Amino acid sequence: MKKLSVLAISSFLIVDFLFPGYHHNSNSTKSRNLSELCYNNVDTKLFNELEVRYSTNQDHFYNYNKTIRLLNENNNEKDGNVTNERKKKPTKAVENKLKQPPGDDDDAGNDEGNDAGNDAGNAAGNAAGNAAGNAAGNAAGNAAGNAAGNAAGNAAGNAAGNDAGNAAGNAAGNAAGNAAGNAAGNAAGNAAGNAAGNAAGNAAGNDAGNAAGNAAGNAAGNAAGNAAGNAAGNDAGNAAGNAAGNAAGNAAGNAAGNAAGNAAGNAAGNAAGNAAGNDAGNAAGNAAGNAAGNAAGNAAGNAAGNAAGNAAGNAAGNAAGNAAGNAAGNAAGNAAGNAAGNAAGNAAGNAAGNAAGNAAGNAAGNAAGNEKAKNKDNKVDANTNKKDNQEENNDSSNGPSEEHIKNYLESIRNSITEEWSPCSVTCGSGIRARRKVDAKNKKPAELVLSDLETEICSLDKCSSIFNVVSNSLGIVLVLVLILFH
């Protein structure tokens with residue numbers, strides 16, 4: 001019986017020595033991936049993420065990097081490389097019950113707060129940004145728009161302006177042109193008109209001149225003829241002789257008398273006759289002559305006159321015409337020009353305006369969002385207090401420290417296999433690890449973080465004291481049985 005007792009106690013001690021955690025509660029149903037727990041001093045951020053890297057000097061097995069997830073994802077992500085025996089049932093996700101400091105929720109609260117804050121901030125920011133952006137955008141847009149608008153506007157404006165300007169310019173130009181044209185036209189017209197007028201005037205003048213000439217000629221002829229005829233005929237036959245003598249005498253006397261009398265009479269008669277005849281003749285002659293002369297004269301005169309007249313007339317006409325034309329042209333041109341100019345101007349202006357507006361808007365929005373998140377956390381905390389104390393291992397103070405994790409993984413570097421290692425602690429929360437299937441042939445020195453699977457393991461009952469007491473009692477019993485056998 002004593003030998004059986006010694007054998008039983010010895011077996012118990014040997015098993016306990018070889019498998020120190022076999023009688024402990026190593027159930028990992030409450031295990032969690034390290035990336036889901038908080039382990040820093042202020043309980044507000046995730047535990048610093050670890051990256052396992054190979055170091056040439058073998059002094060450090062782990063390197064810490066905040067840009068890589070802690071330790072590793074669970075092996076379900078690579079089901080294609082894992083056998084059915086290695087697949088495990090996904091652990092139930094445990095909600096993080098850590099209390100968060102008020103106003104420091106960066107998730108739901110900030111999302112809702114930012115949405116509300118951005119709306120208010122953007123409204124104020126855009127108002128200021130658009131004002132500055134439109135000012136710069138309109139300046140550039142109008143410059144391009146006016147160019148196209150004025151081109152179309154000036155075309156229509158100049159057309160109307162030139163019409164009004166030419167009317168006034170032509171009036172002044174024609175006056176100067178006609179003066180020069182009439183001078184040349186009258187010269188040619190008078191030549192033709194005088195020729196026709198003199199013909200008619202001489203005819204009328206000769207009739208009047210001959211009448212006056214004959215009167216004087218007859219008086220002189222009769223005086224000489226009468227003297228000779230009277231002397232011979234007076235005595236005997238003044239009565240009969242005078243009749244025959246006068247006829248012959250008058251004929252000869254009139255011929256000589258008329259020749260001398262007509263010369264003087266015609267000169268005086270023509271002068272008066274021509275004056276009256278020229279007036280009537282010139283009127284008819286000038287009409288025909290001026291028509292032909294003015295056509296050539298006006299052509300040359302108008303060219304010079306219009307040039308000067310149009311310059312002054314167009315200036316006044318274009319001013320009024322351009323005003324109306326530019327208004328319509330600029331409206332269309334500015335619309336297209338402003339669209340492009342405002343786009344660039346508003347982009348720069350809104351950027352600056354939104355930055356300032358969002359800062360103020362987000363501050364107010366985040367305050368409301370964080371208050372809502374705080375209330376939500378308080379409700380979660382209230383529910384947590386009603387749960388069993390077994391979930392206290394979620395507290396960061398109960399989780400393994402960074403130094404503990406580093407030291408444990410370093411200690412099992414050479415012995416880690418594809419099976420789960422023992423929990424790193426015998427009381428509280430620790431970690432355990434194993435190799436992934438695709439890293440089973442790697443040397444220990446070549447292992448990196450991506451080659452390992454890790455998870456949190458927790459023991460509901462601490463057994464440190466029990467181990468000491470039970471081992472001590474076992475040794476005492478063995479010694480007693482041996483000594484008093």
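Cβ from N, Cα, C; glycine included.
What Swiss-Prot lists as signal peptide is 1-20.
What Swiss-Prot lists as region 'Disordered' is 72-122 (among others).
Annotated region '65 X 4 AA tandem repeats of G-N-[AD]-[EA]' per Swiss-Prot: 109-368, in sequence order, evidence recorded as a curator's inference.
Feature annotation from Swiss-Prot assigns repeat '2' to 113-116.
Residues annotated as repeat '4' in Swiss-Prot: 121-124. Confidence across the repeat '4' (121-124), taken as the mean pLDDT and rounded to a whole number, stands at 60.
Residues or ranges marked as repeat '17' by Swiss-Prot: 173-176.
Among the features that Swiss-Prot reports, repeat '20' is placed at 185-188, with the record citing a curator's inference.
If you look up Swiss-Prot, you'll see 205-208 marked as repeat '25'.
The feature repeat '26' is assigned by Swiss-Prot to 209-212, with a curator's inference given as support.
Here Swiss-Prot flags 237-240 as repeat '33'.
Look at Swiss-Prot and you will find 249-252 tagged as repeat '36'.
Swiss-Prot lists 289-292 with the feature repeat '46', giving a curator's inference as the kind of evidence.
Swiss-Prot lists 325-328 with the feature repeat '55', giving a curator's inference as the kind of evidence.
For 349-352, the entry in Swiss-Prot reads repeat '61'.
According to Swiss-Prot, the feature repeat '64' maps to 361-364.
As annotated by Swiss-Prot, region 'Disordered' applies to 363-403 (among others).
For Cys427 (disulfide bond), other Cβ atoms within 10 Å of its Cβ number 17. Around Thr426 (O-linked glycosylation site), taking its Cβ as the centre, 18 other Cβ atoms fall within 10 Å, counting all chains.
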